[in-house]
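Written below as C-alpha cells is the structure these notes are about.
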Amino acid sequence: MANAPVTKEAALAFGRDVYYGHGKIEILPKVAVHSLQDMAVAYTPGVGHAVREVQARAEALSELTAKDNLVAIVTDGTAVLGFGNAGPRAALPVMEGKATMFKLLAGIDCFPLCIQARDAAHLVDILEALEPGFGGYNIEDVAAPACFEVVRRLEERVAIPAMHDDQYGTATVIAAALINALKVTGRKSQDVRVVVNGAGAAGTATVDMLQALGIGEITVHDKVGILHRGGLYPHEHWRRIAHETNRDGLQGDLAAALRGADVFIGVSVANQVTPDMVRSMAPGPIVFGLANPEPEIRPDQAQAAGAAITASGRFDFPNHCNNVLAFPALMRAALDTRTRRVSREMCLAASRAIAAEVPDAALAPDLILPSPLSETLYPQVAEAVARAAVAQGLARVDPGPGAVAAKTAHLRRLVHERQRSLPSIS
C-alpha cells in the first residue's frame, strides 16, 4: 500500500518545530561533564595528551578522535534533486536530510559542507585541504560531467573514500531491484535488453552496474537521442557508453529505444514515457521511472499499459527504489575497512545483499526491495560490502567476519534508544 503524500507543512515542520528550529541535525557530545575535573579531562589540559599521542602515533587519530566515523556530505548545489542548479544554500536541506539517514541507519556522524566552488578543481582543492578532519566524503548533488572529475581527482589525492551517491548509491539500488524483478518475471539477465534514459551521473553508473550483472543488451538514451558508435559526443562518459553499449546500432528517440525492450530504467526527468511506449515494449515489461520528484511515467500508468513490475524513487509508491537503501551501508563498510575508494565490486556486493533481504518466497510485483526500516538490512549489507573490500584487496583494515554487521547493529541500537526521547513530528 502506498504511503500518504508528503505535505509541504509536514516536510517543513521536521526542520522548524524541534529544539527551537535549526534543522534536523545537531552535534552532541558522547561524554557527560558533571564537574570541573570532568571538564579538565574532556577539554584542556586533557586534550593535550591526545595531541601528543597523535603526533607520536598516526593511528592514534583513529583511536582517539571522531575522524573514522565522521563523514562530510559535500555539494556545490549544481544538481539538487529535481531542481537543477539550485545553489549550495538551497541544497542544505538535502544535506541535512542525508545526514539524518546516515546516523539513523548506520550510526555515521555527518557534517554538511555546502561549498560555493568555482569549478571541479576548486572543489577538489578545498576537500583535499579538509581531509585531516574526516573519515570519508559523500559527494552529493554535483552535476555531470564535473562529478566524474571530482571523484577521480579525489581518489588520486586523498586517502579517504569519496563516494558519489548520485552515481553508485543510486545504481546499487537499481541493480538490486532489477535482480529481483528479473526473478519475479522469470527472465535471465543475459537474455534481456535494458533501456537507460539519462546518461548523467546515475545513468552512467547504472550502465556500469548492468554490465557487472551480465545484462545481455543495453541501450542508452539522452537528450541527443540513442547513444551509438557513430555519434559525435562532447562528453567522455557519453563516448565510452556509446562504445560499450547498443550492439545493434540503434538510432533515434526514446520511443525507438523502447520498442521491444524488456526493461526501462529512467534516471532523467518527469513525463518522458507514454503509455503507448510501454505497450511497444516486450510483453510484461519492467518499468523503473526513477526521476524525482516526478517519475518519467507514474507506476499506475505504466501498469495500466501492461507493465508487470514498476518502481519509482518515491516513498509514496510501492517498490521505492531510493538510494537510502544503499548509501549508509556502503559508507559504513568503507569507514570500517578504511578503503580509499568504493569500487564497483563493493557496490555489486551491496546490490546482491539488498536483493537477498527479500526472500524468494516473498517476492511479488509490488515487493522487490526491502524496507529501509528493516532491522537487518544495513548490518547485512555493510558486512557484505566490507567482505568484498577485503577480498578485492582494498581494505587497509580487516575487521574480521561478522564484525561490521555487529558494529552496525550496535550503533543503530544506540541511536534508536536516544530517538525514543525525541518529540515526534508526524
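Glycine is no exception: its Cβ is also placed from the backbone N, Cα and C atoms.
The feature domain 'Malic enzyme N-terminal' is assigned by TrEMBL to 22-155.
According to TrEMBL, the feature active site, proton donor maps to Y43. If you draw a 10 Å sphere around the CB of Y43 (active site, proton donor), it holds 11 other CB atoms from the protein chains shown. DSSP classifies Y43 (active site, proton donor) as coil under the three-state reduction.
The Cβ of K98 (active site, proton acceptor) lies under 8 Å from the Cβ of I73, C110, P112, N138, E140, D165, F327, each of these being in the same chain and 6 or more residues away along the sequence. Classification of K98 (active site, proton acceptor) by DSSP places it within a helix. The active site, proton acceptor annotation in TrEMBL covers K98.
The annotation divalent metal cation binding site is assigned in TrEMBL to E140, D141, D166. The number of other CB atoms found within 10 A of the CB of E140 (divalent metal cation binding site), across every protein chain shown, is 27.
Look at TrEMBL and you will find 167-390 tagged as domain 'Malic enzyme NAD-binding'. The average per-residue pLDDT of the prediction over the domain 'Malic enzyme NAD-binding' (167-390) is 97, rounded to a whole number.
For N292 ((S)-malate binding site), other Cβ atoms within 10 Å of its Cβ number 15. In three-state terms derived from DSSP, N292 ((S)-malate binding site) belongs to neither a helical nor a strand segment and is classed as coil. Feature annotation from TrEMBL assigns (S)-malate binding site to N292, N322.
According to DSSP, the domain 'Malic enzyme N-terminal' (22-155) comprises 69 helix, 18 strand, 47 coil. Non-local neighbourhood of D166 (divalent metal cation binding site): A79, I139, E140, D141, V142, C147, A201, A202, N323, each in the same chain, at least six residues away, with C-beta under 8 Å from its C-beta. Cβ environment of N322 ((S)-malate binding site): V173, G313, R314, F315, P372 lie under 8 Å away, each six or more residues apart in the same chain. Between the alpha carbons (Cα) of N292 ((S)-malate binding site) and Y43 (active site, proton donor) lies a span of roughly 45 Å. Within 8 A of the CB centroid of the divalent metal cation site residues E140, D141, D166, the other residues of that chain are T75, A79, V80, V94, I139, V142, C147, H164, D165, A201.
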